[in-house]
């Protein structure tokens, strides 16, 4: 007989750069998104959910990040049209703002949360699909809109579990920077390349320190590995003006504003920027947002080229240990600013817009690092199966538990090996197992095994303090719910 | 001067077959998914979120629907690998169950909710991206797992707002059908085509009635348009056996089971199926699920070929009006069953599985049709801007309202035209507008315009009953929150 050649089996693997999220990971993110949506909603923002797929034409072909202009999207041809997965939530907003411009309220406040896709080389902790969580106001030119976004960002951080004092929203204004550059003799179209280098140099202050930035403003900088990065070629005098700007932060907002006003003296755009910062500070103060939550910080510039006015960044101010156990600042978890050519490429009309994007995964990581995510045993109570013929009785028990709001399930594997059932309960992180065989049914009783207590006993070598508390006991069947609730309430 | 040729502007349009969801549409779906996840969680199911992108190899190239075996997925080549958007949530579950088989608990109960993509011709109400909401148990061969899914489906429908009596979960078993086909002389590999036709014919009972199905079981059927569908070619005697099966439903589960047992007499697989149905009925009854919620109904077969045991379907039993105003049954909103070769294509090992998929969009449509979705004015309170220089005061007001949990915003457009501000509030579905200019500030007062009342007055021609209730009045500034809460609580 001829052998039929078998197809090789497919590999059970996620594509490179993609990952799966299980149980608590999903639940914690969902919970965080729900909390964030609650704040956004309270601020009058409306939800918008666009599809994952857009035409390449509507999306624009390139990511907005100037450092990687050619990094791409996942795209394919379909019916003579090129389609692609969205790479952020701003490009679809631009399309929506243009498509529905006659129907949407103006200003249009919208929030959006969902995955975006980047066709980039994956790396450790760097995935090709990740969540974004944005809020933008389209059609409002007033900096009141920017102030509102900053206030909302501050509220959001507190609502998701970052207490006041553990974060700061830092605000700056691109017009101030432009004014400073004008004063330094770097205005004009022929200086665009230099301005770009200055922008990115300031953005690296955290990492390189003042001397590193100064080097990048001048001839350039050689890093520890010997690689040389070409600088902006500024004279010492010019560089000093920029460094003065970076270090213009004073003890309070008023003093910082005064210092900035000195620095941009003679530049109209600079004066406009300082006035905008001042207005934002006033509005925020009136809303109860003082400098312990939102402060003016001239060192914030945001690397992206497209911002045109206020820029802001939320930073967590506590230290965490990195992979090697060294303390480091947790750093930025959100950022945004004003950008004014959102809809223009579709309609030709300039529409002002401002918005923020929160890095949900970073924020979750921060809460994990601070031990602020719920770690109670959230597994279900497992009703074990001693007697296969009594499955209806076991189902009755779990139904009763579920109706009482207790997460519960009956063991559905092969019940032959009882040890496997307890191992299963362990793997599920169960707080308790319920055990009932013929004897218990005859006596109208059930056994409860307290697995939280069991885990405590296993952790603590000295059994002394536990010995009076049995981790397994019998209760009358009709006290099953009450007893389990006692165990569940006692945990944590 | 030579004219620079301009790039044509991109079209601001969703790709064909895709759509955007706004405001309440997103919020209502999110709320429904949260409720469903709550029930699934209580039943011990754990969340799983896989990425939208899978390798074509892992996904399998084709949709499971036998009627459209060549209908496709959205796929593209990437680094010599073909990637595709998932077309359902079951194929990724199969990949996960194989990939993590040594780490996952067994049985593995998981739920998943999210968009899936189908590269099909779009039509009215038929989109290429839509939500699925699945729960499956992998690794449990006992029908206790199927019974649990049915109970969970019943609970879920009630939790999302379909009261008992407005739905029924109908249960059948493919083995019973196979037994009936065996009795009718349709067993054996050479009869597979006939069995497929029979399966799909029974599935059309609702639409075609008994005579229509009988025609499809025999020579075939000509529809109203004159199109002929070839039948299974059964003899009258054979067809009668199948029709008898379809109509085997009796007044209660026990009588139906007894009737089915008669029909499959002599077939082992048929007897097994009847025994499974009986066991499920027992387990469900023990959990409190009687035939007003879950009933045995032999006419449920589910069109898909891959089910191997219990099959079930949730149907809404009330009538709604269709587009032409005719009453019709709302019909099916969820379905599922047992399928046993989930993981086999990856590992060679047979792993039993059972699960359900809820049509979230259908369910939302049903709640809309019954007027059961919240229709209160959920827009924000709009604080209007009479005096541009007092923006900080207005921001202070909205901050106070938000802190009191009231959805509120300050008008951020150009405040020059006050009428535009009220039109905006109207477009936002605002319950109230707050108005304060120089006079009010001097007197420590604010004006409140009750837009709910305004809308009522506009709706009702006779102003008599309203004339004592002014829709705009002045209150002291420090009573702003209290007064607005009164208005918001009063709406219904």
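A Cβ is built for glycine as well, from the same backbone N, Cα and C atoms used for every other residue.
Fair warning: this is a prediction, and the values are worked out from it, not measured in the lab.
Counting every protein chain shown, the Cβ of residue A:302 (L-histidine binding site) has 19 other Cβ atoms within 10 Å. The L-histidine binding site annotation in TrEMBL covers A:88, A:89, A:90, A:118, A:132, A:136, A:302, A:306, A:307.
Summarising the annotation, TrEMBL assigns domain 'Aminoacyl-transfer RNA synthetases class-II family profile' to A:17-380.
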Q) If you measure every Cα to Cα pair among A:88, A:89, A:90, A:118, A:132, A:136, A:302, A:306, A:307, the residues listed for L-histidine, what is the largest value in Å? A) 22
Q. Looking only at DSSP and grouping its letters into three states, which state does residue A:90 (L-histidine binding site) belong to?
A. helix
Q.
So if I measure Cβ to Cβ from residue A:132 (L-histidine binding site) and keep only same-chain residues at least 6 apart in sequence, which ones fall under 8 Å?
A. A:88, A:89, A:112, A:113, A:114, A:115, A:116, A:357, A:358, A:359, A:360
Q. Far apart in sequence but close in space: which same-chain residues, 6 or more away, have a Cβ under 8 Å from residue A:307 (L-histidine binding site)?
A. A:174, A:337, A:338, A:339
Q: State the three-class DSSP label for residue A:132 (L-histidine binding site), counting H, G and I as helix, E and B as strand, and everything else as coil.
A: strand
**Q.** residue A:90 (L-histidine binding site), number of other Cβ atoms within 10 Å
**A.** 22
